[in-house]
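What TrEMBL says about this protein:
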DOMAIN    44-296  domain 'Protein kinase'
BINDING   54, 73, 122, 123, 124, 173, 174, 187  ATP binding site
ACT_SITE  169  active site, proton acceptor
CROSSLNK  171  SUMO2 cross-link
């Protein structure tokens, strides 16, 4: 990155006042400047790094004119070419640019220079849900948080599917948290716009692969339903159900749906997960049904304290 003015991450109280309005105002800012405006690194002050990946880094940044905070994802073009993922990145940009939902991380705009591609993203201040999971007692969420997060992911996926988008890589690492503790579905690198045709690309994360992918069959939106079931299981236990010592072992467990039910998964949660982790994809319950499942409705909201 070029040498620019650095700034610190805001305190929680500051962030609650500033960040909540940032997305709407940044969208307004982007829209006012119009599609022809050439954004550049000079439009931003760069803050502390938020994370790094195989192809680049993510920084806290602030738009100079408005002082609005964003996450600036930088991708090195040479690494994208080496990894043969240029088309994947362009698909991610194309899909995420058009998605507008409270539980989907918003891509505000993007630009590039000779060496890098820059994605200007909504800032989810509490970072990866995976790290939050590992900070919990016994590295697992209680029923309230598990139900709340499952509901919010289901809500985001229902919206994606209505817009013919399959995410294909649901996992805790691809979910972010806002300061208020709400989910933001992120990382659409493996997502695809599929209005009608079934897909056959093997992609996603090993422990979350559905049987149809493992067996090399074509698939549709219901791969995301399977992944939501795996996700809910991991929320409650701290690890996915088919975790094994080798790829082949994991594949065998997935094909057989060889799943153990530890005591922390209560009957209501087991019923929901079982209805999502179905071998036949058409038998997996809808996202709308997930949202109104009795276990979700019972636990997603904290009970009001008695007077």
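Here the Cβ of each residue, glycine as well, is placed from N, Cα and C on the backbone.
Least crowded of the recorded positions (122, 169, 173, 187), judged by neighbouring Cβ atoms within 10 Å of its own Cβ: 173. Across the domain 'Protein kinase' (44-296), the prediction's mean pLDDT works out to 90. Between the CA atoms of residue 169 (active site, proton acceptor) and residue 73 (ATP binding site) there is a gap of 19 Å. Distance between Cα atoms for the residue listed as 'SUMO2 cross-link' and residue 122 (ATP binding site): 19 Å, as a whole number. Counting every protein chain shown, the number of other Cβ atoms lying within 10 Å of the Cβ of residue 124 (ATP binding site) is 22. Long-range Cβ neighbours of residue 54 (ATP binding site) (same chain, at least 6 residues apart, Cβ-Cβ under 8 Å): 79, 83.
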